[in-house]
Structures are given as C-alpha cells and as structure tokens.
Amino acid sequence: MFFPNARPVNYPGHIPLSPLQRMFLVAGSAIMGLKAPWRGDMIAVLGDASGQPFFLRRLRDKMLANETGRRILKEQPRMTSKSLNLPHLRTLPPNTLGRIYVDWIDKEHVTPDSRAPTRYVDDPEEAYVMQRYRECHDFFHAVSQMPTNIEGELAIKWLEFINMGLPVGALSALFGPLRLNRVQASRFRRTYVPWAIRNGLKAELLVNVYWEKELENDVDEVRQHIRLQQAPALSPNTP
C-alpha cells in the first residue's frame, strides 16, 4: 500500500511513507537540495527520508553504546532559544563554549529555533536521533568557527558524513562542491576536505556530546575533550 494513512502514525507530526513514496521523496529532495542548498526544509526532508532504515539505526546503536549517548537518548533534550537561554549565554566569558556559540549565531543571523521537526522517520527514537543531529549542527559550526556560506556548509557536511555516516551528509559533500567556482573548489579540496576527514575520523561521535552541559566550559578545553580542531580561517565573504 502506498498511502500514508494506511500506515500507523508513531508520534506527533509523523508522516508515514511507503517504500515507493520514500524513494520519490529522497530523489525529489536531493534534486531540490542541490539546486538550492539554502533550502533547509529540503535538506531536512532529505535527511529524514534517506536516514532509515539502516543509517539512523546504526547511529542510535552507537549512542546506546556510549554513556553520554544513552543519557541523551533517555532525557531527549531539545535545543531552542529558550532551553539554551541565549541572554544568559551572552553574559558568559568570551572563551566559553556558550559565548562562542551565541556570538556565532548572532554573527551568522541564525537561530536554534529554525530547525525543522523530524517527520518522515518511522521509529520515534530514531526520529529523535535525527532531530538531535539537526539541532547540534550549529555547534559544529561554532566550535569549528565555520561560516554559513557554501564552503563553510560543505566543510561541515563533510565532517558530519565522515563522523556520523548519514546519507544526507554524503550527498551534500559529494555533489555540493559542484556549486563552487574554480578558486573555491581548489581551496576546498586542498584545505577543508582534509580538515573534515581528519577531524571526522578522530573526533568523538558528535551526537554523543551533551553540548548543553559544556556551555560554561572553556571552548579550547571542549575542543580538546571531543578531539575537534578549529578549522582554518574562512571569511564569510571569501570569494
């Protein structure tokens, strides 16, 4: 059966899909995401549709094998402007993770409230894993000090793919560079792909980091603890 209402709804907002519907949704969202990489809604749909049944389950199992990962899955925290208490983060010392994070989102004009909810993942726990991955994304940027321009987003997608193995990261990492000009593509291959691969392989599984518990810690100590290096400088306006 190919109709969504023929399948059970497993959590609020869940949209169940048949295998055929999932296949078309992956193809359509991948095409739209590559044509318009700023369409966060399409990237979110692609992540939902392509992550199951294998990739999200494997990522969840890795979280279950880790003490902090198990705690995150049990408590299922959400990252919002309210839960992170952004006004408080702006009062923290300059080199704390929380201050680095809030300064980064202010500079890049983004908000933790903009992440689309998971809809197309059937298992509720796996749906939370996808949501957690999505909501942690800005912390990867902030700790790495990568802007939200095309090169910065692609570098983080490479990092996410190598570290967590989700297909949405692989598709963005492999095909996204086609949108770079010759100078950008050369710089990206020489500098940011090696950085992403090196750090993706050696870093802690990034969804196993309880970012909310690290906000008042020195960001350099956090980087050392999770084994994630700051990226080579890339200006938001780099041509």
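Here the Cβ of each residue, glycine as well, is placed from N, Cα and C on the backbone.
There are 23 other Cβ atoms within 10 Å of the Cβ belonging to H141 (Zn(2+) binding site). Feature annotation from Swiss-Prot assigns Zn(2+) binding site to H137, D138, H141, E153; the stated evidence is sequence analysis.
Neighbouring residues of the recorded Zn(2+) site, listed in sequence order and excluding H137, D138, H141, E153, comprise V110, F139, F140, A142, M146, T148, G152, I156 (Cβ within 8 Å of the Cβ centroid). Neighbour density for E153 (Zn(2+) binding site): within 10 A of its CB lie 19 other CB atoms from the protein chains shown.
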